[in-house]
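To start, the structure under review is shown below, and the notes come after it.
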Amino acid sequence: NSGNPCCDPVTCKPRRGWHCVSNPCCDNCKFMRAGTICNRARGDDMNDYCTGISSDCPRNPYKD
């Protein structure tokens, strides 16, 4: 994706020194801080939080 400043246009991977290209826990090419809400609670489900080591938003396996 040549329009994404985080993406190396040749490899489509994060540019050198950057952690990520996209996903809910990626902000300005870096992983978001652990504990940042990446998916708000709905119904009886709980919030999902970034881990600080990945750009993915892991699902919280617990219910309220």
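Heads up, the Cβ atoms here are built off N, Cα and C, so glycines get one too.
Annotated disulfide bond per Swiss-Prot: Cys6-Cys29 (among others), in sequence order, evidence recorded as sequence analysis. Every protein chain considered, the tally of other Cβ atoms within 10 Å of the Cβ of Cys6 (disulfide bond) stands at 19.
Packing around Cys20 (disulfide bond) is summarised by its Cβ count: 20 other Cβ atoms lie within 10 angstroms of its Cβ, all protein chains included. What Swiss-Prot lists as disulfide bond is Cys20-Cys26 (among others), and the listing cites sequence analysis.
Residues or ranges marked as disulfide bond by Swiss-Prot on the basis of sequence analysis: Cys25-Cys50 (among others). DSSP assigns Cys50 (disulfide bond) to coil in the three-state reduction, outside any helix or strand. Cys50 (disulfide bond) has a Cβ environment of 24 other Cβ atoms inside 10 Å.
Following the DSSP three-state reduction, the secondary structure of Cys38 (disulfide bond) is strand. With a 10 A radius on its CB, Cys38 (disulfide bond) counts 18 other CB atoms from all the protein chains. Marked as disulfide bond by Swiss-Prot on the basis of sequence analysis: Cys38-Cys57 (among others).
Mean predicted confidence for the domain 'Disintegrin' (1-64): the pLDDT average there is 87. Residues or ranges marked as domain 'Disintegrin' by Swiss-Prot on the basis of sequence analysis: 1-64.
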Identify which of the disulfide-bonded residues Cys25, Cys26, Cys29, Cys57 has its Cβ surrounded by the largest number of other Cβ atoms within 10 Å, counting every protein chain shown. Cys25
Measuring Cα to Cα, tell me the gap between Cys20 (disulfide bond) and Cys57 (disulfide bond) in whole angstrom. 13
May I have the DSSP-based helix, strand and coil counts for the residues of the domain 'Disintegrin' (1-64)? 0 helix, 13 strand, 51 coil
How many Å lie between the Cα of Cys50 (disulfide bond) and the Cα of Cys29 (disulfide bond)? 14
Cα-to-Cα gap, Cys38 (disulfide bond) vs Cys26 (disulfide bond), nearest whole Å: 10
